[in-house]
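Engineer: Questions regarding the structure given below will be posed in turn.
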Amino acid sequence: HENTGLQSQPPAEEQNYGATAAHVRQGPFVSVSRTTPAKNEYLIAAVLCYANLINFMDWFIVPGILLDIQKYFKLSDGGTGLLQTVFILCYMLAAPIFGYLGDRYNRKIILGAGIFFWSSVTLGSSFINELHYWIFFLLRGLVGIGTASYSTIAPTIIADLFEEGKRTTMLSIFYIFIPVGSGLGYVLAAGMADATGDWHWAFRVTPCMGGVALVLLILLVPHRTQRRTAAHRALSISGTIRVAAEKPGVRRTAKTTWCQDVISLARNWSFVWSSLGLTAMAFVTGALGMWVPVFLYRAQVVQGIVPPCLRESCNSSNSLIFGGITIGTGILGVIAGAEAARRLRKINNKADPLICATSMFISALCLYIALMVAQTNILSTFIFIALGELFLSVNWAVVTDILLYVVTPRRQSTAIALQILVSHLLGDAGSPYLIGTISHAIQDKNAHSFQWSFWSMQYSFIVCSFVGVCGGAFFLLTSFHIEEDRKEVER
C-alpha cells in the first residue's frame, strides 16, 4: 500500500525491504534484492539533478544583476548585501523543519510543494517596482524557504537509491549542479537584462523551468522512496547483507525524538568539525558569489578599462564571465574532488577530510593573490579567482559523503538540515552583508571616489581569505575523528 498523503513513516530501522523482510526465517546472511530497476534509479536521479540546477539558478539571479538592482532600489553596499542575507536566513531557518519532516513523512510531496512554492514566488518578484523594495526583500526570503525543502531532502533520496560505490559518484553529479546552476544564474540574469533592457525579466525564466521539474517529479519519482537501513548502507556493496536473526525478547531500535537526534549529532565530532569546515566554505562562496562582479567592475573603472555605469542598464560582462568561471571550475572541481577521494581512500582512511583541508588552504591563498593584483592586472585577477573557486568546488561532494557515512541513515535528513542551519547561519547568511557593511563603513570614512569605492571592497574581501584558512583547520580536526565515527555507524 503506497502513501497517498503526508503520512507518517516508521523509522528506517523498522522498515523491511526486499529479501530482508524474510530474515527471521532465512537466517543471518540474506541477499539484498533491488526493488527498483536500475534505469528508474538513474531517471529519478536525473530529475533531482535538474531540479537542483533550477534551485541554484534562482539563488544567483540577484548577484548576476546586482548593479542594476542596487541602482533601481537606490541601495547602499550594506543594504545590497542584506538582500542575500534575508534569502539565506529564511533558507536556513526553514531547513531544520524540512529535515524533521523528511525523516518522518512522504518526501515526494514535500519536494513537489517546495518546487511549486519557490517558482511561484520567484515569478511574483519580477513585478515589484522601485517604491516597494521591502516586498522584493520579503519575496526573496520566501524563495529561501521553498528551496530549503529541496536542498534538505533530495540528497537523502539519492543516497537511498544507490549503493556505497555508486553513491559518491551520483552525489558528485548531483553537486556538480550547484556550481553549474550558480553560473547559469549569472548568465541567465545578465543575458536577459541585456536582451530585454529590463532586469525584471531575469526572474521570469526559472519559474517555467520549475514547472517542468514539478511535472517530471510527479510522473517519474515514486510516491514512496525506499529508505536503506544502516546495514544496507554498510554492506550492500558486497551484494550480501548480514542481519542478526531475531530472537524472542530482543528489542528493535527505539524511535528517537528530534532532541535526542540533535544530542547524538552534537557528540559526533566528525559531523561537528566537518560542518564548521562547510560553514567556512559557505562564508567564502556567499561573499564571492554576491560581490565579485561588482568588485571586478570597480577594479576595471579604476584601471580605466570601462566607464562608470551611469545608464539605466549596466554592463553585465563581468557577470557573464564570472558565471562561466563558476560553471567550469565547479564541474572540474567536483569531479576532481570525487576522483581524488576515490583514489586516496584506498591508501588513507582519512583522505576525505585531508582533501578538504588542503583545498581550503590553497583556495584562501589564491583569493588573497587575486585581491592584491586586482588594481593592476585584471586578467590575473580572473585567473586567481578561478583557481580559488576551483579548489572550493573540490569539497562539495566530499563533505556530503563524509556526513552520509558518519551519521546513521535515520538521522541523515536531520543532520543535513542542521548542517545547512549552522553553515548558513555562520556562513553565507552574514558574509554578503558583512562584506557590504565593511565596504560601506570604509567609504564613509574617506572621500567618495571610484578609487575608494574599489579599495573599500578590496579591504573587506580580505576577511574571506582568513575564514578560508580557518575552514582548512576545521577539516584537519575532522581527520582526527573520522575513522572512529565511521566504524561506529557501521557497527
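Cβ coordinates come from backbone N, Cα and C, glycine included.
Annotations in TrEMBL come from automatic prediction, not curation.
What TrEMBL lists as transmembrane segment is 42-62, 82-102, 109-128, 134-158, 170-189, 201-221, 271-292, 320-341, 353-373, 379-404, 416-435, 455-477. Residues annotated as domain 'Major facilitator superfamily (MFS) profile' in TrEMBL: 44-483.
Show me how these features fit into the shown structure, please.
Structural biologist: Mean per-residue pLDDT, taken over the domain 'Major facilitator superfamily (MFS) profile' (44-483), amounts to 83.
Beyond its flanks by at least six residues, the transmembrane segment (82-102) meets 6, 59, 62-63, 69, 75, 110, 114, 136-138, 140-145, 147-149, 151-153, 156, 258, 286, 290, 413-418, 420-421, 423-425, 428-430, 432-433, 436 of its own chain at Cβ-Cβ distances under 8 Å.
Below 8 angstroms of C-beta separation, residues 5-6, 51, 54-55, 58, 61, 98, 101-102, 135-136, 139-140, 142-143, 145-150, 153-154, 200-204, 206-207, 210-211, 213-214, 217-218, 221 of the same chain, each at least six residues beyond the ends of the transmembrane segment (109-128), sit close to that stretch.
For the transmembrane segment (134-158), same-chain residues at least 6 beyond its ends with a Cβ under 8 Å from one of its own Cβ atoms are 44-45, 48, 51-52, 55, 58-59, 62, 73, 82-84, 86-92, 94-95, 97-99, 102, 107, 110-111, 113-115, 117-119, 121-122, 124-125, 128, 167, 170-171, 174, 221, 225, 400, 404, 412-413, 416-417, 420.
Under 8 Å from some Cβ of the transmembrane segment (170-189) lie the Cβ atoms of residues 45, 48-50, 52-65, 154-155, 158-159, 161-162, 199, 202, 205-206, 289, 293, 316, 319-320, 322-331, 333-335, 337-338, 389, 393, 396-397, 400-401, 404, all in the same chain and six or more residues away from its ends.
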Engineer: At a C-beta cut-off of under 8 Å, are there same-chain residues at least 6 beyond the transmembrane segment (416-435) that contact it? List them, or none.
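Structural biologist: Answer is 78, 81-85, 88-89, 91-93, 95-100, 102, 148, 151-152, 155-156, 262, 265, 271, 275-276, 278-287, 289-291, 400, 403, 457, 460-461, 463-464, 467.
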Engineer: Within the same chain, where does the transmembrane segment (353-373) have neighbours whose Cβ lies under 8 angstroms from its own Cβ atoms, ignoring anything closer than 6 residues to its ends? I mean 6 or more beyond.
Structural biologist: 270, 273-274, 277, 280-281, 284, 288, 337, 340-341, 344, 380-381, 383-385, 387-392, 394-395, 398-399, 402, 458, 461-462, 464-469, 471-473, 475-476, 478-479, 482
Engineer: Should anything in the same chain at least six residues away from the transmembrane segment (379-404) have a Cβ under 8 Å from its Cβ atoms, list it; otherwise answer none.
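Structural biologist: Beyond its ends, the transmembrane segment (379-404) has Cβ neighbours at 155, 159, 167-168, 171-172, 174-176, 178-179, 233, 270-271, 274, 277-278, 281, 284-285, 288, 292, 296, 299, 321-322, 325-326, 328-330, 332-334, 336-338, 340-341, 352-353, 355-356, 359-360, 362-364, 366-367, 369-370, 373, 412, 415-416, 419, 478, 482.
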Engineer: Restricting to the same chain and to residues at least six past its boundaries, which positions have a Cβ under 8 Å from a Cβ of the transmembrane segment (455-477)?
Structural biologist: 77, 269, 273-274, 276-281, 283-284, 287-288, 291, 294-295, 298, 353-354, 356-358, 360-361, 363-365, 367-368, 371, 374-375, 431, 434-436, 438-440, 442-443, 446
